[in-house]
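Chemist: Sharing the features that TrEMBL gives for it:
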type     : residues                               : note
ACT_SITE : HIS703                                 : active site, proton donor
BINDING  : LYS19, ASN120, TRP570                  : 5-methyltetrahydropteroyltri-L-glutamate binding site
BINDING  : ILE440, GLY441, SER442, ASP608         : L-homocysteine binding site
BINDING  : ILE440, GLY441, SER442, GLU493, ASP608 : L-methionine binding site
BINDING  : HIS650, CYS652, GLU674, CYS735         : Zn(2+) binding site
DOMAIN   : 4-314                                  : domain 'Cobalamin-independent methionine synthase MetE N-terminal'
DOMAIN   : 435-757                                : domain 'Cobalamin-independent methionine synthase MetE C-terminal/archaeal'
Amino acid sequence: MVASSVLGFPRIGANREIKKVVEAYWAGKTNAEEVTKVAAEVKKLNWTELKQRGVTHIPSGDFSLYDHVLDHSAAFNAIPKRYHGLGLSPLDTYFAMARGRQADGVDVPAGEMKKWFDSNYHFLVPELDDTVEFKLNFNKPLEEFKEAQALGITTRPVVLGPITYLALSKATKEAKADFEPISLLPKLLPVYKQLLSELKAAGAEWVQVDEPILVTDKGASFETQYGSAYPELVAVAPKLLLTTFYGRLESNVNFLAKLPIAGLHIDLDRAPDQLDKTISAISSTPIILSLGVVSGRSVWKTDFAAAIKLVQKAISALGQDRVIVATSSTILHIPVTLASENKLTEEQKDWFSFALEKASEVATIAAVVSGSQDAAVAAALEANHTSIAKRRDFEKNSDDSVRKRVSSITPDQYERKSPFAVRLEAQKVLNLPKFPTTTIGSFPQTKEIRQARAKLGKNELSEAEYEEFIKKEIESAVRFQEKIGLDLLVHGEPERNDMVQYFGERLSGFVFTQNAWVQSYGSRYVRPPIIVSDVSRKEPMTVRWSEYAQSLTNKPMKGMLTGPVTILNWSFPRVDISRELQAQQLALALRDEVCDLEAAGIKAIQVDEPALREGLPLRRADWDSYLNWAGNTFKLSTAGVGDHTQTHSHFCYSDFDDIFPQIQRLDADVISIEASKSDMKLINTFKHYGYSNNIGPGVYDVHSPRVPGDVEIQERIKSMLAYLDQTLLYVNPDCGLKTRGWKETEASLVNLVQAARWARENYA
Ligand SMILES: [Zn+2]
């Protein structure tokens, strides 16, 4: 019998139980025991469901209250000094590292968050230097292994591999100049050995060790470390399954095949072509091959016929005992279950497969290739065949007018009419002072706003009543900004549930779910829409709100849109046509919206591309092609306006070294970027390359409820001005404020305006 496996499961709960309980804990409304209890219930349900669906290798240890990388840092005692001696419980120290803490005389910022590989999941970057004293504070995989064992379920514990853990880490500010986190490997290995040997003693047969760094270009540089570390680990551990996912191993497979590991997992969803090479690399070894044929990243049903073909190939080369059918990666990237969706049509439901359904898929494929004669397996195979055929039929219905418009895009549609210097003059009509202050667009999504939206959904509020409510919210946001003295205003986006969902709901070609949440970071979950057919705009989507907001004030109002690449990257895309074609369709729809905003008297229009970088392929060889079409679609969406209209864009990250020329090529009049959590390295990048347009590096971190003082913001501005032209600097927070409360928002923005005033006086 061929084994089946799921590499990791959503840890949010089918009804977002974890979000609810940790947020209640943060608010002081519940205690740590309750958090543990709810977590145990969620884990139990996950394990039980996977077992019932016939999965043979069930993950444990992959659960997290916030982030699994942070779990490792906490377990390994890699706790930065600023969190020491605060008198906090281990759980509160953990949450302080995750989100900062400002209470009872304690004031510490959160750690840096980064996107996890090419996904929209964020992890907490471990901070290390030579002084770190690694030790095993607790053995989370062991605890969860035992927890499952007590329920009669044997699991395969999951740990993040030591080399990937160190490769994702950064040096602390105190570290020596030439310090590289990977140099700590010899110091870290004893901790892994202890962790693994305890699992072995507890009876674990397998342990899954995730080493996704191996699918990046960086992976090859760790060949020596893999060669030295894994033999040591294998000597004390249960059978080790080294997993790689999100991309292709390329030549790394050659040194991996020489390791004494029991199993190797490869991603055949992202890189089906690597199967042959992997088989030949391991065929003369005893290594078991785990085949990621069921996508952990896509919500579309697996085409069983195609998956089975790949698995059969491996079986004929290696034999049944040396093959595991698996999800391509952890499936934390997809929603828990299709069973919670009541509003999708039967036809639509038949296209998709969420986490629990994917679990059934791996089990079914494993049964089929094992030669199962079970009638239920045969029926599942037949049903899949029918579903896939129906979807293929549906895909034939393309929108001819959209396809035609895309194929007749001309090069001049990508470019603004005049160069930046000319536009800068024309944009004096906005009448902005030096160091203009602005925000990224969203204001706190309060309980009242969410309630009004929910009431509208349940018809407890009429469209007209809802509209009145939103208008009042916009008016109060405008008055607030006028009162505290911001220069370039926003309407606050009370009408938007989400920066992608809102647009998806107004465009043709998307479907929406009711409960299909996925974790973005911590307790922040998103519900990505699904692109199912060609995309077009039915009517203006945002114009009347921006127009209304502008009518309330003499200050300029920014129109706010989400860019084509971000809508694409934060949706579940189609898999039957290219991402480029989907982005072009989105860009044309947005171009019409941008031009309509301009015609309605909006002088500044922001098209956000926070997800541009996360879409970057993991292998550099694939970058140019992605950056070329991604950049072009942004330009296509914004370049239709006159010189006097100021275009803005926003990026939620700070790694620009790699993609700087592309950011310049976008030619937005103003960009705002995340900068508060990373040091000035980012700003240095802009100086180094000589960025020519306006720029607003975030002056404080909005992902934490902490309020920055005005002097702290002054210091940031001062250090930025050491690198940037003072005539081009904008002053803004580093991201939208929708997840914040009003109290900290007001206090922070008052300090921000104060600091900009200080800058005007001191840099006259
Ligand atoms: Zn942002």
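Any Cβ shown, glycine's included, is placed from N, Cα and C.
All TrEMBL annotations are machine predictions without curation.
Give me the structural setting of these features: burial, nearby parts and distances.
Modeler: The number of other CB atoms found within 10 A of the CB of HIS703 (active site, proton donor), across every protein chain shown, is 24.
Counting every protein chain shown, the number of other Cβ atoms lying within 10 Å of the Cβ of LYS19 (5-methyltetrahydropteroyltri-L-glutamate binding site) is 17. In the three-state DSSP reading, LYS19 (5-methyltetrahydropteroyltri-L-glutamate binding site) counts as helix.
Taking Cβ-Cβ distances under 8 Å and a sequence gap of 6 or more within the same chain, the neighbours of GLY441 (L-homocysteine binding site) are VAL490, GLY492, GLU493, LYS558, MET560, GLN606, ASP608, HIS650, GLY736.
For ILE440 (L-homocysteine binding site), the Cβ neighbour count at a 10 Å cut-off comes to 25, with all displayed protein chains included. In this structure, ILE440 (L-homocysteine binding site) belongs to neither helix nor strand by DSSP; it is coil.
In this structure, CYS735 (Zn(2+) binding site) belongs to neither helix nor strand by DSSP; it is coil. Around CYS735 (Zn(2+) binding site), a 10 Å sphere centred on its CB holds 27 further CB atoms from the protein chains shown.
For the domain 'Cobalamin-independent methionine synthase MetE C-terminal/archaeal' (435-757), the predicted model reports an average pLDDT of 93.
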Chemist: Is any of the binding-site residues LYS19, ASN120, SER442, TRP570 within 10 Å of CYS652 (Zn(2+) binding site) (Cα-Cα), and if so, which, in sequence order?
Modeler: none
Chemist: Nearest by CA distance to ASN120 (5-methyltetrahydropteroyltri-L-glutamate binding site): which of the recorded positions is it, out of ILE440, SER442, HIS703?
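Modeler: The smallest Cα gap between ASN120 (5-methyltetrahydropteroyltri-L-glutamate binding site) and any of the recorded positions is with HIS703.
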Chemist: Can you figure out which of TRP570, HIS703, CYS735 (the recorded positions) comes closest in space to ILE440 (L-homocysteine binding site), comparing Cα atoms?
Modeler: CYS735
Chemist: Which residues, same chain and not among ILE440, GLY441, SER442, GLU493, ASP608, have a CB within 8 angstroms of the centroid of the CB atoms at the recorded L-methionine site?
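Modeler: Near the L-methionine site, beyond ILE440, GLY441, SER442, GLU493, ASP608, sit THR439, VAL490, MET499, MET560, GLN606, HIS650, GLY736, LEU737, LYS738.
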Chemist: Tell me which recorded positions (LYS19, GLY441, ASP608, CYS652, HIS703, CYS735) have a Cβ under 6 A from ligand 1; sequence order is fine.
Modeler: CYS652, CYS735
Chemist: SER442 (L-homocysteine binding site): which of the recorded positions GLU674, HIS703, CYS735 is the nearest Cα neighbour?
Modeler: CYS735
Chemist: Would you kindly give the Cα-Cα distance separating TRP570 (5-methyltetrahydropteroyltri-L-glutamate binding site) and GLU674 (Zn(2+) binding site), rounded to the nearest Å?
Modeler: 18
Chemist: Between TRP570 (5-methyltetrahydropteroyltri-L-glutamate binding site) and CYS735 (Zn(2+) binding site), how many Å separate their Cα atoms?
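Modeler: Rounded to a whole number, the Cα-Cα distance is 17 Å.
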Chemist: Express the distance between the Cα positions of CYS735 (Zn(2+) binding site) and HIS703 (active site, proton donor) as a whole number of Å.
Modeler: 8
